[in-house]
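Shown next, in structure tokens, is the structure this report addresses.
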Amino acid sequence: MPPTSRLPLGNISQDQLNSFAHLSQTSASFDPNQRPLAFTRSAALGASTQNDVVNAVCKNYTLLFARGTTEQGNMGTLVGPPLAQALGKAVGADNLAVQGVDYAASVEGFLAGGDVDGTKTMAGLVAMAKSNCENTSLILSGYSQGAQLVHKAADMLTANETSFVLSAVLFGDPDNGKAVGQIDSSRTKVFCHEADKICDGQAVVDAAHLTYSLNVGEATVFVLKGKVLEALASYSLKDDKTKKVSEKAVKASRYE
């Protein structure tokens, strides 16, 4: 189980503090549009800043993402944009709205268990999405400190807001093993690499914490699985037309 609190900044070693520079440097040099699995048709989804929710853009799916410590923009580069691209490929870029969480993303915020103001901002964005786009399917996601924000923001949601969330997907989660608010565990997925010390509750960023773009395909399958199962439960597969629609949804969920 992860620790319930973090050490104050002054109590961690200089080597630990320096390790966060690896995240910053890797994020700054990482271009989601140049990676092997990038999709040029969804190049706009590779941007490090996205503001569809605050601009009241309503689409079938909405991704609300909190970036990792020291990352740029409001989406970062290491996980947020690759995830948006993967989802856009599966559901169609024109069917996906994307919003990043504006917050400091400082080392101090991570050590405090997640930036307080960022947490409030993320919870507010959920409320905004529900108010403006009640028919969208909302996906909550975060990487590193962003995963901390998802946990804390989920704790702030009302029952109606919680039920509005389609799924929550976390990467490199410092609170690995902790429930995501009242969101049912069947609708949550945590990706933690075996050697990732952040997932073990340590304030150390190593190579295993920097490669979660490799998991965005599996994350996309998980997110869409809930919609596919919902569709299958609503209709009889004896109907040929419905069967074809369901098969198309299943194919999309495979991230092919």
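Any Cβ shown, glycine's included, is placed from N, Cα and C.
Record features (TrEMBL):
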{"type": "ACT_SITE", "residues": "Ser144", "note": "active site, nucleophile"}
{"type": "ACT_SITE", "residues": "Asp196", "note": "active site"}
{"type": "ACT_SITE", "residues": "His209", "note": "active site, proton donor/acceptor"}
{"type": "DISULFID", "residues": "Cys58-Cys133", "note": "disulfide bond"}
{"type": "DISULFID", "residues": "Cys192-Cys199", "note": "disulfide bond"}
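Sequence-distant contacts of Cys192 (disulfide bond), defined by Cβ-Cβ distance under 8 angstroms and a gap of at least six in the same chain, are Gly172, Asp173, Asn176, Cys199.
Annotation for the recorded positions Cys58, Ser144, Asp196, Cys199, His209: lowest Cβ count within 10 Å of the residue's own Cβ, Cys58. Within 10 Å of the Cβ of Cys133 (disulfide bond) there are 20 other Cβ atoms, across all protein chains. The secondary structure of Asp196 (active site), as reduced to three states from DSSP, is coil rather than helix or strand. Checked against the residue listed as 'active site, nucleophile' by C-alpha proximity, the recorded positions Cys133, Asp196, His209 yield His209 as the nearest. Checked against the residue listed as 'active site, proton donor/acceptor', the recorded positions Cys58, Cys133, Asp196 differ in C-alpha distance, with Asp196 being the nearest. In the three-state DSSP scheme, the residue listed as 'active site, proton donor/acceptor' is classed as helix.
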